[in-house]
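Visitor: Below are the structure tokens for one structure; questions will follow.
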Amino acid sequence: MTSQVSSILSQISSPTDLKKFSLAELSLLAEQMRHKIISVLTNTGGHLASNLGIIELTIALHYVFSSTEDKFIFDVGHQAYPHKLLTGRNTEEFDRIRHDGGLSGFTSPSESIHDLFFSGHAGNALSLALGMAKATEDSRTHILPILGDAAFSCGLTLEALNNISSNLSKFIVVLNDNNMSISQNVGVMSKNLSRWIHHPKFNLFSRKIEKWLTKIPRYGNSISRRSHKLSICLKSLFCPIPIFEQFNLAYMGPVDGHDIKRLISVFQTARDLPFPVLIHVYTTKGKGLEIAQENPEKYHGVTANFNSSKENKFLPTIKPQLTYPDIFGQTVCTLGEAFPNLHIVTPAMSLGSRLEAFKEKFPNRFIDVGIAEGHAVTFSAGIAKAKSPVICSIYSTFLHRALDNVFHDVCLQGLPVILAIDRAGLAYGDGCSHHGIYDLSFLRAMPNMVICQPRSAVVFQQLLQSSLQWNMPVAIRYPNIAATQRDPIATDVHMHRDPGVGEILSQGEDVLILGLGHMCNTALSIKLQLLTHGISATVVDPVFVKPFDNNLFSILLMHHSKVIIIEEHSIRGGLASEFNDFLATYSFKVDVLHFGIPDAFFAHGDKESLLKRVGLDTESMVKRILTHFNFRTKTSPSNKLSIV
């Protein structure tokens, strides 16, 4: 990159600085921003392809509108990196985005006045924008929801579309269409519109008419602005009317999302229109990075130290340890062969949930419904009702959106839908909108629901296979971390498991430790550290949060009066809550120390520091255990350790 290019970005401290530059310089700025994002994400990881594709669009928005006076509402928010660079956040904090001391990977009001909402989930921007438009309808404020094409598959977006009033003014919907979702659906429409809108004779005619109208004394400018609505009506006589017009949105586009001059012109026109408008912008996801343009889904999100060079992309790399999603993807392929009518359903998360192999192997039994979590669950219920086994693969944080569907269409009907709840636990780099730490709270309350979590790869495979035979609603939750491969207790992947049966992993005398899922490893580590203090612990994997193994724990509590519970879930409504209900029901009097996620929102961070922040690191827990139970070590002459 040249020093000239570098100097442009360094001169941007706020969006108003954009006005200092020519169109040619703004194009150089886009190049610099692209280079900056690639360079930073090579070190930090993050959402790559979507941010590379929206740079020129973001520059044009900030050039025409004011993000402090007008309201920019980014749907999802993971495509806001260019927005951050233009709003005073081109700092060392940007260089550590998604990490300790760095910026959030999403819009965040705690960072900047230019960010209106904490974001992370898709489809809500239009509803939020309509609410703000209603509250500010008498002001000069422009409301600009910025949606990706995938957001238009969300039911929430369609509900919002149905509530748009033609009386709205200063309401501009920006549709960033990067060919990842609805493009095929509107392909014929877009081709007709594009052919008509960009026809030289029509554009020449339109310009002459508008120029003539502006010359009318007193009313010319007003009539000219309204002539745009007339031109849209004329186009509708010759080509299909865009669906957006049926929802009181005047359609403008398609517009090349990488042509800054054209974008600025279109936004300036839309700014002065007295009715709601949708601007359809075509962008290229991964723009400027060839490997990302060729495979935008793969490079939607990247890990730190990803290889951005196409020439070197086939260099050998160290193969990471298999994660729980990897185990899930492999296991469902095996189950797909054993169960010839097994269906897998996912709401737009096939790659993240490692379902590409199943999709390729069994294309007729793999269904990606798009960003429609509620539909995914209810669709799965329909498959189950038709007597076919079905697994609905869904992220914990997105399952929130399907709560009623789980209750009404699965549990109430008693249908054997298996919910494979991915990303259960802290989301680390993604932060508070993505932590999967609330699902137990609402799933526990639902009758007929079995809830379990594996501690190892073997137990995970056992649960997946066994659950297909339970004939009831099941939730199997698991994190996106390396799966424990060696399990001395569970060795046979084909062993059948019955609901509600826990396992003792290690015997002791002084304290009982329950670890949920992968936290069993932490519990065993704590046991070893407690041994150095002369404290002997029994470690148990309940496996099932519901039904809880009342028989096993009734026996264990006859010999233990001190209990420790460790879970990577909110302290409200998780394993500890189930255990406390058990204690109350059976009138056990024991001292319980609970380690979980405190009742607060936690921002992004590196794994070790975030675990320490919430009190789930081993060192912090051991200190608290020793203090809470007032453990002190004594060594008898026989070297036998006793606790007083």
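Here the Cβ of each residue, glycine as well, is placed from N, Cα and C on the backbone.
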Visitor: Of the candidates His62, His78, His83, which does Swiss-Prot annotate as part of the thiamine diphosphate site that also includes Gly120, His121, Ala122, Ala150, Ala151, Asn178, Glu373?
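Guide: Given Gly120, His121, Ala122, Ala150, Ala151, Asn178, Glu373 bind thiamine diphosphate in Swiss-Prot, the matching entry from His62, His78, His83 is His78.
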Visitor: So the record assigns His78, Gly120, His121, Ala122, Ala150, Ala151, Asn178, Glu373 to thiamine diphosphate. If I measure every Cα pair among those residues, what is the longest distance in angstrom, as a whole number?
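Guide: Farthest Cα pair among residues binding thiamine diphosphate: 22 Å.
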Visitor: Roughly how many Å lie between the Cα atoms of Glu373 (thiamine diphosphate binding site) and Asp149 (Mg(2+) binding site), rounded to a whole value?
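Guide: Glu373 (thiamine diphosphate binding site) to Asp149 (Mg(2+) binding site), Cα-Cα distance: 17 Å.
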Visitor: Which of His78, His121 has the fewest nearby Cβ atoms, counting only those within 10 Å, among these binding-site residues?
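Guide: Minimum Cβ neighbour count within 10 Å, taken over the binding-site residues His78, His121, occurs at His121.
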Visitor: Near Asn178 (thiamine diphosphate binding site), which residues of its own chain have a C-beta under 8 A away, given they sit six or more steps off in sequence?
Guide: Ser50, Gly53, Gly148, Asp149, Tyr282, Thr283, Thr284, Lys285, Pro296
